[in-house]
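Structure first, then comments.
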Amino acid sequence: MSANDRRDRRVRVAVVFGGRSNEHAISCVSAGSILRNLDSRRFDVIAVGITPAGSWVLTDANPDALTITNRELPQVKSGSGTELALPADPRRGGQLVSLPPGAGEVLESVDVVFPVLHGPYGEDGTIQGLLELAGVPYVGAGVLASAVGMDKEFTKKLLAADGLPVGAYAVLRPPRSTLHRQECERLGLPVFVKPARGGSSIGVSRVSSWDQLPAAVARARRHDPKVIVEAAISGRELECGVLEMPDGTLEASTLGEIRVAGVRGREDSFYDFATKYLDDAAELDVPAKVDDQVAEAIRQLAIRAFAAIDCRGLARVDFFLTDDGPVINEINTMPGFTTISMYPRMWAASGVDYPTLLATMIETALARGVGLH
């Protein structure tokens with residue numbers, strides 16, 4: 001459909017959320033916040049939930065059902081709506097069809113998909129590949145950048161190859177579960193042990209003695225067979241949002257800071273899942289109190305990191321600010337959009353309100369279209 005045709009009516013947006021990853025619930029909460037803030041005068045919104053088992057269902061787009069209430073996490077349940085599929089056929093023009101196979105009734109047709117999916121089977125290039133095959137424009141990074149951004153090892157490799165500062169790390173692939181002596185000496189203690197392709201701090205452990213490493217690796221492997229062991233970096237935790245405009249230019253937001261020292265009374269606390277989403281315990285400063293020159297240097301590093309992995313649309317780049325300068329921790333190609341998430345808060349502090357931010361992402365997706373760029 002042409003841009004002129006879309007001007008005559010509201011743009012039809014499919015917000016896709018949930019999914020098969022262990023970040024299912026946070027995806028639901030992000031989607032609830034997005035559904036609440038999309039401008040209904042400009043966008044006709046369809047909510048598509050993916051169950052933990054992988055079924056796609058057409059839901060009623062009620063954002064109130066997609067919140068954390070009394071520490072209870074939301075979930076897309078089987079039978080909560082009509083099951084559907086997106087045929088990988090560009091001739092179908094973004095049609096969502098009913099299941100079971102053979103029914104084929106066209107339920108909806110969409111102009112653009114907003115894949116609010118966190119973790120594997122969504123944020124990692126898989127749904128982006130499906131949308132490319134189906135010929136449907138979508139918000140956010142393409143297949144390559146999504147896959148790279150999901151994998152902490154390859155993110156660090158690409159950033160380092162581009163001359164960007166990253167911390168020391170080692171990778172454990174099955175069946176290996178221990179570090180070599182030289183790796184232990186290079187990393188030092190403490191270290192953080194993480195699923196290499198995970199997010200929301202799920203499965204992450206802080207290890208302060210090497211005898212704790214096997215248990216930490218086993219915990220991480222409940223979520224991903226590949227484990228990354230990162231040297232602890234002493235410094236302030238800063239974040240920066242990058243946003244692509246419809247004309248392809250990139251802008252970086254004001255910085256945000258996460259302060260977690262002593263959270264829940266422990267000096268070894270870190271920004272784990274409970275601190276992020278359940279306990280409301282971390283302190284978030286937006287804008288961060290950082291010298292103007294340092295802040296601008298970090299903003300430029302964020303844009304360079306975005307370009308280094310060939311990202312598109314949006315990303316949140318996480319840093320440590322050390323005595324020796326900033327170090328890039330990771331890139332989130334589909335950051336959280338919950339009510340407490342840093343990405344929309346940083347843009348709000350930069351003068352871009354939530355509805356405008358979402359509209360810009362959708363406009364950029366439509367301007368980009370699909371295919372090779």
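Using N, Cα and C of the backbone, Cβ positions are placed for all residues, glycine too.
As given in Swiss-Prot:
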{"type": "BINDING", "residues": "184-239", "note": "ATP binding site"}
{"type": "BINDING", "residues": "Asp318, Glu330", "note": "Mg(2+) 1 binding site"}
{"type": "BINDING", "residues": "Glu330, Asn332", "note": "Mg(2+) 2 binding site"}
{"type": "DOMAIN", "residues": "156-363", "note": "domain 'ATP-grasp'"}
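Swiss-Prot feature annotations superimposed on the structure.
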residue: Cys184; record: ATP binding site; DSSP (3 states): helix
residue: Val191; record: ATP binding site; DSSP (3 states): strand
residue: Gly198; record: ATP binding site; DSSP (3 states): coil
residue: Ser205; record: ATP binding site; DSSP (3 states): strand
residue: Gln212; record: ATP binding site; DSSP (3 states): helix
residue: Arg219; record: ATP binding site; DSSP (3 states): helix
residue: Lys226; record: ATP binding site; DSSP (3 states): coil
residue: Asp318; record: Mg(2+) 1 binding site; DSSP (3 states): strand
residue: Glu330; record: Mg(2+) 1 binding site; DSSP (3 states): strand
Set of same-chain residues at least 6 away whose C-beta sits under 8 angstroms from Cys184 (ATP binding site): Trp210
Secondary structure of Ile233 (ATP binding site) (DSSP, helix/strand/coil): coil
Protein Cβ atoms within 10 Å of Asn332 (Mg(2+) 2 binding site), excluding its own: 23
Within 10 angstroms of Asp318 (Mg(2+) 1 binding site), Cα basis - binding-site residues out of Val191, Gly198, Asn332: Asn332
CB contacts for Lys226 (ATP binding site) [other CB atoms within 10 A, all chains]: 17
Rounded distance in angstrom between the Cα atoms of Gln212 (ATP binding site) and Glu330 (Mg(2+) 1 binding site): 24
Under 8 Å by Cβ from Gly198 (ATP binding site), same chain, sequence gap 6 or more: Asn22, Glu23, Gly119, Pro120, Val204, Ala220, His223, Asp224
Cβ neighbours within the same chain of Arg219 (ATP binding site) - under 8 Å, at least six residues apart: Val193, Gly203, Ser205
For Val191 (ATP binding site), nearby residues of its own chain (Cβ under 8 Å, 6 or more apart in sequence): Arg206, Val207, Leu213, Val229, Glu230, Ala231, Ala232
For the domain 'ATP-grasp' (156-363), mean pLDDT (0 to 100): 92
Surrounding CB atoms that lie within 10 Å of the CB of Asp318 (Mg(2+) 1 binding site), all protein chains: 21
Those binding-site residues listed as Ser205, Gln212, and which of them has the most Cβ atoms within 10 Å of its own Cβ: Ser205
